[in-house]
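Scroll down for the structure; my scribbles are underneath it.
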Amino acid sequence: MDTLDFSVLIAIALALIAYFSKGSLWGKEDGESVHGVAGGFQTRDLVEILNSTNKKALVLYGSQTGTSEDYAHKYARELQSKFSIPTLCGDLSEFDFDNLNDIPEQVEGFTFITFFMATYGEGEPTDNAVEFIEFLKNDAEDLSNLKYTVFGLGNSTYEFYNQMGKTTNKRFSELGAQLVGTFGLGDDGQATMDEDFLAWKDSLFDTIKKDLHLEEHEVVYQPGLKVEENTALTVASPNVSVGEPNKAYLLRQDENLLQYGPFDHTHPYIAPISSSRELCSETSERNCIHLEFDLSNTNLRYSTGDHLAVWPSNANEHVESFLKVFNLTDRKSTVFDIEFLDPTVTVHFPFPTTYEAVVRHHLEISGPISRQTLKQFIPYAPDQSTKQEVIRLSESKDVFHNEVTAKYYNLADLLFKVSKQTPWNVPFNFLIETMPNLQHRYYSISSSSLSEKQTIHITAMIEAFKPAGSDHIVTGVTTNLLWNIQLNQDQSSVKAPVSYDLNGPRSLFSPYKLPVHIRRSTFKLPSNPALPVIMIGPGTGVAPFRGFIRERCQQVDNGTPNIGQSILYYGCRNSEQDFLYHDEWPVYSKKLGDKFKMYTAFSRENSHKVYVQHKLLENSREFIELMDQGAFIYVCGDAGKMAKDVNKAIVEILVKEKGLSEEDATESIREFKTSNRYQEDVW
Ligand code: FAD
């Protein structure tokens with residue numbers, strides 16, 4: 001064994017110790033987890049937790065991108081405030097469920113459990129709900145002592161719409177639990193999630209009032225935590241977080257953990273971006289960036305088809321306006337500590353910290369605002385006329401839609417607009433508890449782990465647009481950060497609409513690094529390389545297919561015999577402007593020979609729009625022949641319209657070429673999906 005082998009073994013051993021200690025190495029001793037959160041319970045036993053914290057209602061969430069978690073927290077606070085029910089809100093993965101049915105017998109005055117269940121991908125549970133769903137399906141027995149309710153978060157453009165909410169509701173009902181109110185369905189596909197939630201919640205609260213004989217109070221903010229400024233500390237104090245992703249990065253007590261992980265949604269790897277480039281031409285209205293993350297100094301690994309989660313920070317302009325509207329600009333570097341008034345409340349950032357660090361690195365400040373969020377700001381309006389205006393905007397669904405949602409305001413811009421530039425005095429603990437956490441964004445990895453063992457490629461379309469009739473540019477948090485990095489690396493004279501602090505906290509992200517982790521995906525090539533694959537990926541939907549094709553090219557280089565056909569359907573607006581990786585496809589074609597075929601649809605080059613589904617229909621015979629040879633079908637990209645249109649086109653092909661009825665064709669696609677021969681990676 002040489003020195004390198006030995007050091008790799010040591011690294012693996014340390015990573016395993018860190019993994020099995022479940023975070024104790026990075027700061028759980030004092031009840032804090034990797035984030036520096038309080039409320040990390042010493043037990044997973046729900047009865048014990050509810051009794052020790054004196055909680056009478058339980059709100060549990062399965063959340064992947066943070067939306068469900070955000071709804072759950074808002075709902076739990078309102079339940080507590082409106083009906084004086086002490087409520088525990090928690091992540092499904094933090095508890096065991098074997099004594100679920102014992103709760104009402106062992107927790108005096110217990111009312112009911114509310115589930116916020118997001119569905120991810122093709123009817124899958126979110127990562128934090130996997131074990132709970134397994135329990136419900138296989139192990140749960142009698143639940144007849146329980147009262148429960150469910151709000152499902154899903155997207156009706158997906159076939160298995162709100163599957164996890166439905167499964168939870170069905171199993172609870174089958175096992176004898178009693179549903180309180182109605183089962184709620186929130187639909188992101190129709191962009192009605194907020195209103196679906198509000199309607200469900202209002203009706204549920206009416207039911208609770210009547211059926212459980214509860215008294216309703218005016219909703220007032222009941223702080224779960226206190227922000228205490230600490231003038232003895234400054235941003236130079238080594239234990240003060242200035243935006244580090246977690247305590248491990250702040251305290252740096254274990255360099256192995258930072259380099260070798262394990263890495264997950266609580267502990268990212270700070271990955272160097274070794275190169276980046278623009279994929280669209282100068283004449284394109286759009287920008288799309290290719291980035292390469294270097295893994296050579298870590299044991300973070302991926303497999304082809306996985307997702308990379310990128311941890312963003314907010315743009316300078318958004319941070320400044322947020323600090324300004326809440327009168328925090330002069331105090332932005334003041335250090336504060338957090339004292340938890342409710343032991344079950346958590347925060348997802350390390351502290352002591354500063355106002356700016358929290359706003360820049362940990363809160364989602366620039367996204368759309370919900371009517372419910374705006375309502376919560378009413379008590380803090382700086383004057384009477386502002387208060388009246390906020391009430392007017394938040395009372396009516398239509399007024400809110402026309403004057404807020406349709407104008408794409410973020411919170412700071414809207415509050416400044418209604419107060420006519422007067423700052424708002426809002427307690428910072430309220431902001432911490434009300435604003436969603438800044439979430440990482442996922443990107444389908446566009447490299448192959450076979451050909452790029454130590455590099456991860458991603459392909460990101462920049463989100464920046466001026467809404468019709470508006471005077472401001474709406475910018476996506478992460479893609480504009482990536483774009484800034486690319487422009488900076490390129491020393492380009494092009495200016496992005498917003499700028500970022502690329503150095504990060506204590507220069508942690510310098511030069512050109514970002515926190516990332518991998519999300520394992522089920523979107524995979526068939527294990528038998530001889531099987532044909534049909535890939536449909538317009539726009540950035542082509543990302544994982546670039547990885548698949550690179551994998552097959554590498555297999556050719558490795559001498560793998562008998563590699564199957566690879567058919568790629570790609571679409572974009574214009575062959576001269578946004579044809580992603582147009583210079584690479586001929587190279588792959590040369591390597592794979594007649595085993596690779598690409599069909600392109602350029603929607604804006606003809607008088608009528610041509611999309612990938614039209615190209616599929618044109619090649620229906622070939623499609624069926626490949627299916628008969630066992631081909632796997634893959635669809636990646638826009639969940640809204642494209643995935644549905646492709647699905648419809650395939651039904652049409654089966655009807656035309658196989659003589660199936662539409663019903664049978666639809667059923668046969670469902671079977672392909674169940675047996676993994678039809679896989680979707682859509683967003
Ligand atoms: P965000 O800040 O999240 O904003 C997104 C959108 O929200 C904006 O474009 C705008 O429409 C809206 N918005 C923002 N602010 C406001 C406001 N104030 N009011 C109203 N609306 C507002 N993307 C890719 O480009 N390539 C990929 O390969 C890819 N793969 C993915 C794989 C998976 C599994 C998933 C779930 C997503 C994938 N995505 C991919 C999408 C990606 O994760 C991001 O959602 C996308 O890049 C936008 O992120 P952002 O932070 O830039 O924008």
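Glycine is no exception: its Cβ is also placed from the backbone N, Cα and C atoms.
Keep in mind it's a predicted model, so treat the numbers as computed, not measured.
Per TrEMBL, FMN binding site is recorded for 118-121, 153-162, D188. Long-range Cβ contacts of Y120 (FMN binding site) within its own chain (separation 6+, distance under 8 Å): Q64, T126, D127, M164.
Taken from TrEMBL, the feature NADP(+) binding site covers R286, T540, S603, R604, K609, V610, Y611, V612, Q613, D645. Taken residue by residue with DSSP, R286 (NADP(+) binding site) is part of neither helix nor strand, so it is coil. All protein chains included, R286 (NADP(+) binding site) registers 18 other Cβ atoms within 10 Å of its own Cβ.
Under the heading FAD binding site, TrEMBL lists R441, Y442, Y443, S444, G476, V477, T478, T479, W683. Spatially close to T478 (FAD binding site) yet at least six residues away along the chain are V310, P312, R441, A460, judged by Cβ distances under 8 angstroms.
The residues of the domain 'Flavodoxin-like' (57-205), classed with DSSP into helix (H, G, I), strand (E, B) and coil, number 65 helix, 36 strand, 48 coil. Annotated domain 'Flavodoxin-like' per TrEMBL: 57-205, in sequence order.
The domain 'FAD-binding FR-type' annotation in TrEMBL covers 266-512.
Mean model confidence for the domain 'FAD-binding FR-type' (266-512) is a pLDDT of 97.
Residue pair E159 (FMN binding site) / G476 (FAD binding site) shows a Cα separation of 27 Å. Less than 6 Å separates the Cβ from ligand 1 in the case of R441, Y443, G476, drawn from the binding-site residues E159, Y161, R286, R441, Y443, G476 in sequence order. If you compare Cα positions, A118 (FMN binding site) sits closest to W683 out of the binding-site residues S603, Q613, W683. The record assigns R286, T540, S603, R604, K609, V610, Y611, V612, Q613, D645 to the NADP(+) site; their largest pairwise CA distance measures 23 Å. Of all the binding-site residues listed here (E159, D188), it is E159 whose C-beta has the fewest other C-beta atoms within 10 angstroms. For A118 (FMN binding site), the Cβ neighbour count at a 10 Å cut-off comes to 29, with all displayed protein chains included.
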